[in-house]
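Enquirer: Below is one structure. I have some questions about it.
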Amino acid sequence: MGNLYSRSPDPVMYISSPRMMDGAPLKQGCLSMTRWQSINLRGLEEARTHKDEKITYDLSIRNLQYKVQVKEKGGATKDKVLLNNISAKANHGEVLAIAGPSGSSKSTLLDALAGRIDRRSLRGSILVNGMPIDQTFRRVSGYVMQDDALYPVLTVRETLMFSARLRLPSTWTDDQRMARVEIILAELGLQPCADLVIGDDLVRGVSRGEKRRVSIAVDLMHDPAVLFLDKPTTGLDSFSAFQVMQKLHTLAEVHNRTVIITIHQPNHSILELIHNTLLLIQGNVIFSGHHSGLVNYFSDIGYNMPEYVNPLEYALDTMQKVKTSSVGVTQLLELKVVKEKEKIMDGQAARELDAEATASSRDLDDDINMTFATSFRSELYVLGERNVKLILRTRPLFFARMAVLVVGGLVTSTFFRTLSYDMEGVTKRLSMTAFLLAYCSFTSTQVLPIFLQERSIFIREASRGAYRPVSFVLCQILAHLPFLFVQALAFSILTYFIAGWANNVGAVGYYVWMWFLVLILAQSMAACCAGWIPNIIICQAVLSATLSFFMLFSGFFLRKDAIPKGWLWLHYLSGFKYPYEGLLVNEFTSLWNTNWGDDQTNVNFYQVLEKYDLEHVSLVNSVFVMTFFIIFYRGLYYLAFVKSARDVRK
């Protein structure tokens, strides 16, 4: 990786006063202004000592085809052509806009170029500097999705700093990373809001235009030579859209990046910032070149463009009208063929091919044949730090769940207070355990929105090779463990002593540990659902149904001998069977020398275990099985993330 700073102006321009999250200046005990400036200036000076060996990338597409199979009403399948013999070129130092009516496969073409479609499903070739590319191309390219996937409680600077620590090589110093962040903030005009939180519907933060620029900044952190953006101006007001496009124009021209975007109906000011346009209709290219050529292009088929009209907007409106007409589409495609023949006659195509064949491919393999920028250990440290910070800044969620558990446990314990040593006391213990299991487990649905948000952020980061999926999954569960333990401890102490369970130190410890595992298991199941089901409504329905069936087969509502043989396997797969049995056996065996009943000889503890099929239950085995289920669901969660990280269409 070459020097990322040599293209930038005087570093002093990029030093802003450090502030806390609330915008207040740093106080004593924090990083001083002098120290802040010296770090950034030193980082910039260190970075300038290296020779700039940045490679530029030109992309060329030749006869690209992409088909998918769709089902018809009768159940038969047929091929649907999404990309039909696409040929185009994207040069460094330019912004290429892919435009067209809705359903013209703009995003499909962008995904194909960015490596988000399985190469085996494509026909034709996509070349970088005249050489075929593979999946490692993702490491030297950036992809900005249409929807901003950012943590709302992190500041802009923190978001970029975490990205720098993950995506810049481990050989970089902290000073260099910090300097790189300041440069990106300046390049995209984000310094005024650098210390504001990103925000969302519940937390006030930066504007939508600034949020979009933060998304771009994250993917610029590793200095990609090629930047893909899916509809970067969609949902923005005209001024914010212009600001975003102005920054992209500067990135292309000043920093020699290849910028490829999809866009829908840009206004005239934005159009002037686009170097070349690729017009698609029904997966076919009908125009490629500067927008000034659109006037003559459409006049050749009888569509005379009025004066003082945005040519691209007029072209898109015209294409929308003829899209439903096979004759109109045929006219556009026939004209494209004629223009291509004229181009070949002029020798222009031949010159382009010659130029492409001799394009610089020096060090191409070395530059793109990279895996991850940092080590597995570094990823764990950075992602762990980020997860802890996120949890600490979402304290309302932590305290809300704590309150739900404490209040629920307190109320339930008062219902079953002073458990007696007779059969009524046995029944109360069974009922209390079953209810608390269901109650605790269903609180896991509260974290589904958080898991779904993290899923979208993971897809954005890991799909471009920012880190290993296993690092993300491990850090997520490890960061939550202390907080879950605090919740389990508070819940257990309340329910145990208020209800009057066995007065035994070992039994108390087992009781606390088992509820800790229950909370981890419930959260792991929620994470698994969120990993595989991105729709929150469906996700909640599936999770609730799963928890309900697990409760049904736990052994409280239906004893083992009452379950039909065909459904007995669900009894063993129920995640609630093992804590339910373990908690009860822990209680009853702690009362080893206690006789049950008024005459002290009526029922002893072993008879209770035998009556409820608990005599062969092992406390240790219950813990091991619970741990296995936790690992199992986290494993499924990991597989879902691996699949999402590849994020390719077939």
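In case you wondered, yes, glycine gets a Cβ from its N, Cα and C as well.
Remember, TrEMBL labels are computer predictions, not curated facts.
Below, the features straight out of TrEMBL:
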type	residues	note
DOMAIN	59-307	domain 'ABC transporter'
TRANSMEM	398-418	transmembrane segment
TRANSMEM	473-498	transmembrane segment
TRANSMEM	510-530	transmembrane segment
TRANSMEM	537-558	transmembrane segment
TRANSMEM	619-640	transmembrane segment
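Give me the local environment of each listed feature.
Expert: Cβ atoms under 8 Å from those of the transmembrane segment (473-498) belong to residues 379-380, 383-384, 386-388, 391, 398, 401-402, 405-406, 409-410, 412-414, 417, 432, 436, 440, 454, 508, 511-512, 515-516, 518-520, 523-524, 527, 634, 637-638, 641 of the same chain, restricted to positions at least 6 beyond its ends.
Here the transmembrane segment (510-530) has long-range neighbours at 437, 440-441, 443-445, 447-448, 451-452, 455, 476-477, 480-481, 484-485, 487-489, 491-493, 496, 501, 539, 542-543, 546-547, 575, 579, 582-583, 586, 619, 622-623, 626-627, 629-630, 633-634, 636-637, 640, meaning same-chain residues at least 6 beyond its ends whose C-beta is under 8 angstroms from one of its own.
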Enquirer: Residues sitting near the transmembrane segment (398-418): Cβ under 8 Å, six or more positions beyond its termini, same chain?
Expert: 391, 428-429, 431-432, 435-436, 439-440, 443, 446-447, 483, 486-487, 490-491, 494-495, 498-500
Enquirer: For the transmembrane segment (537-558), give me same-chain residues lying six or more residues beyond its boundaries with a C-beta closer than 8 angstroms to one of its C-beta atoms, as numbers and ranges.
Expert: 430-431, 433-434, 437-438, 441-442, 444-445, 448, 452, 522, 525-526, 529-530, 567, 570-571, 573-577, 580-581, 612-613
